[in-house]
Amino acid sequence: MNHIILSVTKMQPPSAPNNVQPQQQQQQSAIPIQSTNNRSGFMTRLVEYLFFSHLILIAALLIFLAAQGLPRHHHHFRPAHWYPPLLASTGSAAILSLLSQWIAGCSPSKAFKAAFWLAPLSTCAVAVLLINVGSVASLVAGVTALLCAFFLSLYGCWVSPRFYYAIRVLTVSNAPPPLKGKATSLLTLSMLIGTLYSCFLIIGIGGARAGKNNFEALYISILLLSMAWTMQVIKYTLLATITRVKYMYLAAGNDVETSLALRETVKQLMGSICAGSFLVPILGGVWSSARAMKLAAGDTGEFLFSCADCYAGCASTLVMYGNRWGFVHVGVYNKGIMQASIDVWELFRKIELEPLINSDLTGSFCFLSGVAVGATCSLVGGIWAFVIHKSYATELTLFAFFIGYFMCRIAMAWQQACVTAYYVAYAENPQSPRFDNTIPDRIQRLRRLQA
């Protein structure tokens, strides 16, 4: 309990009186955020400046591509056959993403199992569609999708014994307090921004396709990279806001207004969020690939797999400098993403929570939900294009998957934020009465399995 009081005291402004009653603290709508040091503040402001500058440049590029390609009549490009399937896929992505979030909130068990089943099945369906297109590019993409579906199926079978605990954590982390009202409006607003941004980029990509110049591939690559970074920023802005609300309730019993948490996040934390949106997916991908390599290598001593442990060790070190759990301290303490990630990971190691974090399936659940929604959107756009203009089917299928995946990841940030805040709040005070025996029982089970 002393640790909770200390955490709340650290977040109070220096001029705050010391005789504030607990009841008064619980009625506060938000707790002011600390300031970062000068060096961290400079770096975060620089990254924030780069992000918003890149948005301005992307807007200029979109105007240029739209002016270059759309007004003209091109025999090689038919807007009436290219735009409707992709726009329909974008609308489907928004609807399916909100539906996935709603199901996950109402029935975590059904949503969890559905993600692990639907992701490989829908990916396999996309593979069949791409192979039937018949071009070389579609054949390569189709075989790749088929292999991904196969490995996703194997992964689902391998981790199925961990479903019960993962569903349990997802359920208990969503329980206190129920995020309704303004939090739902925040999620809807995030999805609306993501949808509109996707539509604008679709116009730009269509303009690049219509222009048919030597820089077409470069323009499209720039737009897709911009979409990836911007969608991640939207996702982690939502995640940092909700983790702050959940953490403050779990750590101190404070009910923080979601609207105020969002306002302070946008006002003070965008630099750290922009940096984390670039850094965390990369390091997370390295970490996930290292775990997959270690699993494939097993306990063999062959030289071919001897580097797996070394790679896994390097990945475990790298993930300390950028991970999604660090966004809790970003939102609450206004730390830079690297310092926040290091502090949280050291906290996990201190209380021997790292093996449990390594086996957590929340990230896999959100990823597979994104794959399932993305693949479904690919089927919507791809089948439409296959019927009316077969040569567009491959590219529209891939573009639709890209949009659907990131839209769903924005929606599932709610679930990921709840679990993330739950783990960090537990690591800081495992004895808090707000936690049940879910995590301790799992730790004991892992120790028995290792023994």
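Including glycine, each Cβ sits where the backbone N, Cα and C put it.
So that you can see what the record holds, here are the features copied from TrEMBL:
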COMPBIAS  17-31  compositional bias 'Low complexity'
REGION    11-31  region 'Disordered'
TRANSMEM  49-70  transmembrane segment
TRANSMEM  82-103  transmembrane segment
TRANSMEM  115-133  transmembrane segment
TRANSMEM  139-165  transmembrane segment
TRANSMEM  186-205  transmembrane segment
TRANSMEM  217-238  transmembrane segment
TRANSMEM  365-387  transmembrane segment
TRANSMEM  399-425  transmembrane segment
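With a cut-off of 8 Å between Cβ atoms, the residues of this chain six or more beyond the transmembrane segment (49-70) that come close are 77, 79, 200-201, 203-211, 219, 222-223, 226, 229-230, 233, 270, 274. For the transmembrane segment (82-103), the partner stretch with the most Cβ pairs below 8 Å, chosen from 115-133, 186-205, 217-238, 399-425, is 399-425. Distant neighbours of the transmembrane segment (186-205): 58, 61-62, 65-66, 70, 83, 86-87, 90-91, 93-94, 97-98, 101, 219-220, 223-224, 226-227, 230-231, 234-235, 237-238, 241-242, 258-259, 262, 399, 403, 406-407, 410-411, 413-414; these residues of the same chain sit at least 6 beyond its ends, with a Cβ under 8 Å from one of its Cβ atoms.
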